[in-house]
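*Asks:* Below is one structure. I have some questions about it.
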């Protein structure tokens with residue numbers, strides 16, 4: 001079997017889409033559609049391969065929009081941090097935070113922040129009740145024990161190592177991927193070349209005044225070589241990404257802008273701590289309550305949620321067996337009735353700011369922690385990146401660290417600090433963090449920003465982080481966003497790959513090799529189907545195989561009752 005070496009395989013339950021739901025972007029009552037699966041456990045490599053096929057997780061629920069049918073197609077977007085240069089607006093955010101930390105200056109006016117994605121992503125709000133049901137329906141302990149027993153019988157044992165924590169002590173902060181304001185036009189920029197500023201509208205030649213300033217800065221750095229980057233070094237990690245000297249013929253790097261030195265009498269101090277959320281580390285447990293209080297205030301102030309908004313009480317969730325015939329026959333009808341009730345009575349699927357939902361969607365993760373010797377020091381898996389200002393948490397970025405990327409899941413922050421544009425700042429910090437991890441793990445070189453939705457103007461802000469690519473929904477190859485935008489102006493759904501002969505290279509060609517976990521036994525689908533008489537069973541398995549691809553279908557275990 002092609003399982004991940006040294007660990008247990010991923011275990012998933014697939015749920016094909018049977019209906020359309022209200023779209024959280026354009027508010028079309030029956031416009032959104034996606035397929036999903038409940039991940040009991042998942043390796044980081046499997047999730048990396050899945051997001052490279054258009055999947056995305058919300059808690060343990062992993063979903064993929066039906067791109068050619070949903071009203072607002074959601075294209076996976078990634079930024080290339082190694083070539084990233086901050087724009088003029090990015091630099092303003094960094095300077096604004098620097099002034100606040102150094103002198104306590106609060107900018108005039110207000111800044112309405114926008115998260116990367118909503119807590120229960122708008123694409124899956126229609127599946128909220130399904131997620132609640134699955135959380136009870138799936139007997140995780142029993143399934144885990146069954147799988148463990150099955151694997152042990154084959155001589156396969158899983159090894160887990162204690163996760164590492166990162167502490168990035170910093171002297172400065174500031175919104176995730178822009179202010180969230182509608183972007184009516186997206187300017188196309190090319191990658192800056194050496195000797196040119198980040199703003200390509202300026203002449204390539206540098207002014208004598210700028211060169212003099214640069215020389216003065218270098219002289220000060222030589223006098224105090226540790227000053228500029230003081231405090232960034234993570235535990236056990238050399239700050240090799242940030243050299244003591246900068247070349248005078250290049251613009252300031254992102255790190256130069258983020259880790260600029262502050263005066264000794266600075267008004268504020270910022271630390272960024274990266275703590276493992278799943279399985280929860282001791283640091284994560286110790287700060288969970290404070291982190292949750294920030295999330296609760298964020299939901300109440302920014303998203304206008306009531307602290308006592310009921311969710312689970314609106315539907316009777318009875319933990320019946322998924323093998324019960326009555327449960328299976330009535331589940332789809334019961335779920336559809338619930339969604340219609342939410343739309344008709346409450347005008348929106350429920351968004352709850354209670355601790356249960358906070359834990360389920362932002363703390364619980366199916367990703368198995370992995371700490372290979374050639375990986376990053378903190379390991380792979382799910383983390384919270386906590387922003388501590390003067391000893392208290394003001395923002396938390398939820399991220400997944402995968403073999404090839406840092407994937408941004410969500411950001412929440414204290415509304416009292418909205419003026420600092422924490423969404424943009426956290427995105428820039430996560431880009432810099434990706435570059436830092438790349439120093440140790442060369443293949444980890446991308447920053448995934450979730451979904452880009454061109455048909456929703458306020459969601460176009462993710463395209464402002466260049467260079468970036470969009471994922472072709474048919475061939476699953478990455479295409480520079482500049483090449484995609486003209487097509488998206490003409491049609492909501494587009495095939496970005498311009499080669500008409502190109503096909504999905506990882507398409508399912510041998511469905512009989514899909515791995516199935518059934519009655520405590522692991523078997524290929526070719527064996528499993530001989531004992532099945534339900535025609536819908538075969539259709540569901542074949543659809544699953546086509547969506548996850550041949551590689552994942554042979555590695556992951558598809559749980560069937």
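The backbone N, Cα and C atoms fix where each Cβ goes, and this holds for glycine too.
So TrEMBL lists the following for this protein:
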| type | residues | note |
| --- | --- | --- |
| DOMAIN | 22-92 | domain 'N-end aminoacyl transferase N-terminal' |
| DOMAIN | 334-472 | domain 'N-end rule aminoacyl transferase C-terminal' |
| REGION | 175-203 | region 'Disordered' |
*Asks:* Counting by DSSP secondary structure, give me helix, strand and coil numbers for the domain 'N-end aminoacyl transferase N-terminal' (22-92).
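*Replies:* Looking at the domain 'N-end aminoacyl transferase N-terminal' (22-92) with DSSP, the answer is 16 helix, 23 strand, 32 coil.
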*Asks:* Along the domain 'N-end aminoacyl transferase N-terminal' (22-92), what average pLDDT does this model show?
*Replies:* 96
*Asks:* Per DSSP, what is the helix/strand/coil residue tally across the domain 'N-end rule aminoacyl transferase C-terminal' (334-472)?
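*Replies:* Across the domain 'N-end rule aminoacyl transferase C-terminal' (334-472), the residues distribute as 55 helix, 42 strand, 42 coil.
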